[in-house]
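J.: When I checked Swiss-Prot for this same protein, it listed these features:
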type    : residues                                 : note
BINDING : Q37, L38, R39, I40, K41, N69, S108, K137 : 4-amino-2-methyl-5-(diphosphooxymethyl)pyrimidine binding site
BINDING : D70, D89                                 : Mg(2+) binding site
Amino acid sequence: MYQPDFPTVPFRLGLYPVVDSVAWIERLLEAGVRTIQLRIKDKRDEEVEADVIAAIALGRRYNARLFINDYWRLAIKHRAYGVHLGQEDLETTDLKAIQAAGLRLGVSTHDDMEIDVALAAKPSYIALGHVFPTQTKQMPSAPQGLAQLASHIERLADYPTVAIGGISLERATAVLATGVGSIAVVSAITQAADWRAATAQLLDIAGVGDE
């Protein structure tokens, strides 16, 4: 039963790009994306605060679901739509502060044990990955593949889910066929020969999400 301790999100968040700059946030929101994440790694809060402020402002302008990866204090301070955390961040994050601020929470998982940990936090959505091999970040776990993803989806039933990891334009339809609510993409857009065309095609497949 989907009863999170955080504000709910639609079961289908649609196409969900994960990008590392405000420039990408702006161009993708202009292109019609309505769920997006700013993921900047390994910088101090003061180094990324201006980018977080700018990203959140863009999210409001386009009435989009703008998630901030990791920098939960800044997300609370500047009232982002939501925060996304990795498993390693859950123990060091004040989840009650995020909850009290009314922000949505997404949590990454890589196996059944991590899904248990995520469910205990009762987040707004659960990310499942990595589905395929990915060059975007070093991953200690093995790719899950479509069969394992489908198994996780069956277990999570009505919980909003996001598949991530190595999802290309060519693989997007097969990933969504598992029943997952949304697909997160990185290089499928940012490294595409024509990012506008790739975004438009992915939006055709995954949509912009439910209201």
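Cβ atoms are placed via backbone N, Cα and C, with glycine included.
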J.: Cα-Cα separation of S108 (4-amino-2-methyl-5-(diphosphooxymethyl)pyrimidine binding site) and D70 (Mg(2+) binding site), in Å?
T.: 11
J.: Whole-number Å distance between the CA of D89 (Mg(2+) binding site) and the CA of L38 (4-amino-2-methyl-5-(diphosphooxymethyl)pyrimidine binding site)?
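T.: With distance taken Cα to Cα, L38 (4-amino-2-methyl-5-(diphosphooxymethyl)pyrimidine binding site) is 16 Å from D89 (Mg(2+) binding site).
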J.: Using all protein chains in view, find how many other C-beta atoms are within 10 Å of the C-beta of D89 (Mg(2+) binding site).
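T.: Excluding its own Cβ, the number within 10 Å is 16.
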J.: Could you say whether, by DSSP, D89 (Mg(2+) binding site) belongs to a helix, a strand or a coil region?
T.: helix
J.: What Cα-Cα separation, expressed in whole Å, is found between R39 (4-amino-2-methyl-5-(diphosphooxymethyl)pyrimidine binding site) and D70 (Mg(2+) binding site)?
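T.: R39 (4-amino-2-methyl-5-(diphosphooxymethyl)pyrimidine binding site) to D70 (Mg(2+) binding site), Cα-Cα distance: 8 Å.
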J.: Can you tell me how many other Cβ atoms are located within 10 Å of the Cβ belonging to D70 (Mg(2+) binding site)?
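T.: Around D70 (Mg(2+) binding site), other Cβ atoms within 10 Å: 22.
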J.: Just to verify a number: CA distance, D70 (Mg(2+) binding site) to Q37 (4-amino-2-methyl-5-(diphosphooxymethyl)pyrimidine binding site), in angstrom, no decimals.
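T.: Cα to Cα, D70 (Mg(2+) binding site) and Q37 (4-amino-2-methyl-5-(diphosphooxymethyl)pyrimidine binding site) are separated by 10 Å.
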J.: For the binding-site residues R39, K41, work out the Cβ neighbour count at 10 Å and name the residue with the minimum.
T.: K41
J.: Around Q37 (4-amino-2-methyl-5-(diphosphooxymethyl)pyrimidine binding site), how many other C-beta atoms are within 10 angstroms of its C-beta?
T.: 25
J.: Counting across all protein chains present, how many other Cβ atoms fall within 10 Å of the Cβ of S108 (4-amino-2-methyl-5-(diphosphooxymethyl)pyrimidine binding site)?
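T.: There are 23 such Cβ atoms around S108 (4-amino-2-methyl-5-(diphosphooxymethyl)pyrimidine binding site).
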J.: Just to confirm: which same-chain residues, 6+ apart in sequence, have a Cβ under 8 Å from the Cβ of L38 (4-amino-2-methyl-5-(diphosphooxymethyl)pyrimidine binding site)?
T.: V19, D20, S21, V22, I25, D51, V52, A55, L66, F67, I68, N69
